[in-house]
Amino acid sequence: MILANAFCLFFFLDETLRSLASPSSLQGSELHGWRPQVDCVRANELCAAESNCSSRYRTLRQCLAGRDRNTMLANKECQAALEVLQESPLYDCRCKRGMKKELQCLQIYWSIHLGLTEGEEFYEASPYEPVTSRLSDIFRLASIFSGTGADPVVSAKSNHCLDAAKACNLNDNCKKLRSSYISICNREISPTERCNRRKCHKALRQFFDRVPSEYTYRMLFCSCQDQACAERRRQTILPSCSYEDKEKPNCLDLRSLCRTDHLCRSRLADFHANCRASYRTITSCPADNYQACLGSYAGMIGFDMTPNYVDSNPTGIVVSPWCNCRGSGNMEEECEKFLKDFTENPCLRNAIQAFGNGTDVNMSPKGPTFSATQAPRVEKTPSLPDDLSDSTSLGTSVITTCTSIQEQGLKSNNSKELSMCFTELTTNISPGSKKVIKLYSGSCRARLSTALTALPLLMLTLAL
């Protein structure tokens, strides 16, 4: 009898320890969360090497061809294929902006995710990997290349956008690609056709994707004190070719056009993911990351959704795609919401101001905030002649830190919203951290507690 009880005790303890250690005790969704993320090109290769995944992926692509989501999900074979792929690397895969096979990667991503949403979403998830770098990294590199640190009095009187163009000319790659897009975007096709916009857009994409941010950001987000500087900033992308048109289309129509192209759709989704105004953060930007927002903004240049400064106001920063909300009908509210994500976006405005002033939220104990009040607009002046060569004074010191910013104190708030803000900030301090969080420790502890509670009863049985 004693031996039988002892055997039962050891068997119970063995099974308990096995259940605590076994990965099969985790739910499928929990295992799904531990899967390492790969880019979609690599995920496609892994899927192709596995017969079950490969056949299901082909089935899903056939299901998505010419069908809406409801029709697809009504088909049991399509539903089964989707369930299998949700447990494959393809479901979690992402792409890197500017990667060698970016278009192929994005095509694979959208081939799955377009069938997972119900209708057309206002905000789509970004197919790109999260940005972990900060503006402070750009400032550090820019200071190395530009020799910043000039007299503040001289700096305040400088045309920082002109300084940025001069700095670009000192770098062979920047100078080459800038000269290329200027030449293409200024080339008149015929008296009725200002330029070849498609080629102009391609040249602009190459410039912003291949030239380091410490040069492109200085030209695009330079701080200005007068209209001449602000007009140069507005002219950076040669807007008469790349931006403006005879008529402004409706913004929702422009969005629909953009979403027919995988690249444009991805860049727009990335902009919304990184620049969408958040009222849970100090800066109004997701995870207080200015760099992610500015990179996403620059990434849209050279597509149908190309944004630009609406005028040459040196202080009131307003950017917009070339569109309006006329003729929106019963969609006017949605159209206005879409347009305000550009024209009245505190995250984007604060990020541009922060870059122009050489500040970042993590560079000082108190994160800087900016006045949300727009300065009065000034009369738009005629476009200034382009100084295409910027060859004068190339040996001079270039790119200096800019003017001071208005600071606005944060209102004290003891609400739940502030608590949520604190949680988001603390959990996103180190996006690139490799620290492992034991998500399932709670359930393990619960099972261990149950085992220990039962142990005295078994010991009592053994003693009897």
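Placement of Cβ uses the backbone N, Cα and C atoms for every residue, glycine included.
Between Cys224 and the candidates Cys222, Cys229, TrEMBL records a disulfide bond only with Cys229. The disulfide entry in TrEMBL for Cys285 points, among Cys222, Cys335, Cys347, to Cys347. For Cys275, the disulfide partner named by TrEMBL from the candidate list Cys251, Cys258, Cys293 is Cys293. Looking at Cys161, Cys168, Cys323, Cys325, the record from TrEMBL puts Cys222 in a disulfide bond with Cys161. Annotation for the disulfide-bonded residues Cys251, Cys264, Cys275: lowest Cβ count within 10 Å of the residue's own Cβ, Cys264. Of all the disulfide-bonded residues listed here (Cys168, Cys185, Cys195, Cys222, Cys224), the one with the fewest other CB atoms within 10 A of its own CB is Cys195. In this structure, the CA atom of Cys293 (disulfide bond) is 8 Å away from the CA atom of Cys285 (disulfide bond).
A Cα-Cα distance of 17 Å separates Cys258 (disulfide bond) from Cys200 (disulfide bond). Cβ contacts within 10 Å of Cys161 (disulfide bond), excluding its own Cβ and spanning all protein chains shown: 25.
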